[in-house]
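Report on the structure given below.
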Amino acid sequence: MYLEHLHLHSFRNYAEQVLKFESKKTILLGNNAQGKSNLLEAIELLATLKSHRVSKDRDLVLESDSEARIFARVNRLYGASELSLILRSSGRRTVIRDRQPLRRHLDFLGVINAVQFSSLDLDLVRGGPEARRDWLDTLLIQLEPLYVHILQQYNQVLRQRNALLKEIRKQELEGKVYGDLSQLKLWDLQLAETGSRVTRRRARVLQRLIPLAQKWHESISGKTELLELQYIPNVPWVEDDVNGVQRAFLDKIETRRLAEKQLGTSVVGPHRDEVDFLINQNPAKSYGSQGQQRTLVLALKLAELQLLEQIIGEPPLLLLDDVLAELDIERQNQLLDAIEDRFQTLITTTHLSSFESRWLQSSQVFSVKKGHIFY
């Protein structure tokens, strides 16, 4: 997989920028707040239709405009493809593949695959469970584009069910009895159906990722530490069986019925899943040093790269955003050695001193200043 061409129009602080990539390794050099991360964010959007930095499209559009455009041409083993993404301040999006507008966003996904590694990824260990769920879901979207639809279905059911629970709670607080609970039973069934699809896929992808992450972690730590990853679904289940998982959902919903009515919200489902990271059987979040936490995240990212390559059949893009500054020299070398020329890599930095001369000689260096890129 090779990204040949990128064109940004009114995206973030880029009014108009065209880039042609002529090397497997591209270094984006510049001071902070010049637009280096914005460029990687544009590629991330093409790969996942998500930004890990903001949730509103209006934050992605240049202030003086009402819409932004991202265009890319990528070469893959099966041929070349062109992608266009139009973002509007209103929130409405248009996705275009090979000059054909698409009705379904999932038909846009999977053309570009990328792994992003930034200083924000340390929140995977330090932050709350939502960060770890988002990480897992972003990986799943690239491995199985249909998952974006599965996740949307679940979130829609969750919103509707929460609205009903809120109404039930409101009426009970007013001293009224909510008469017809059959509607809630219907939402229970839909939550179990859509939620089981989410949780089963999360469990499967983590099962494939764990041995890869453990191998990388062993290599980086010099076999001195044992990494464990544990998926803790909110609804525990034993066998990967559709009916069995759905029954487990309905059983737990029944046991938590009173709590849900009192709180006016759903307390059962994959929106409350957790992923635990353990180092030598101790929680990495509480007991891991900064160095151990960085080693863990580096191992996860290298495992993501490896898993994507195994499943899609070619190396994905690697986007490194100010990550070298977060790693010591030994871990920097581990990362750069793992990359070599295997993955097309875009890396942001404020200075070139972190790179060996052989890296610089084989890299294309762009200077970034106030939303302009100079060759």
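Using N, Cα and C of the backbone, Cβ positions are placed for all residues, glycine too.
Listed in Swiss-Prot:
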{"type": "BINDING", "residues": "G30, N31, N32, A33, Q34, G35, K36, S37", "note": "ATP binding site"}
Binding-site residues compared (N31, N32, S37) - highest count of Cβ atoms within 10 Å: S37
Neighbourhood of Q34 (ATP binding site) by C-beta distance under 8 A, where only residues 6 or more apart in the same chain count: V368, K369, K370, G371
CB-centroid shell, 8 A cutoff, ATP site G30, N31, N32, A33, Q34, G35, K36, S37, site residues removed: T348, T350, V368
Number of other Cβ atoms within 10 Å of the Cβ of A33 (ATP binding site) across all protein chains: 10
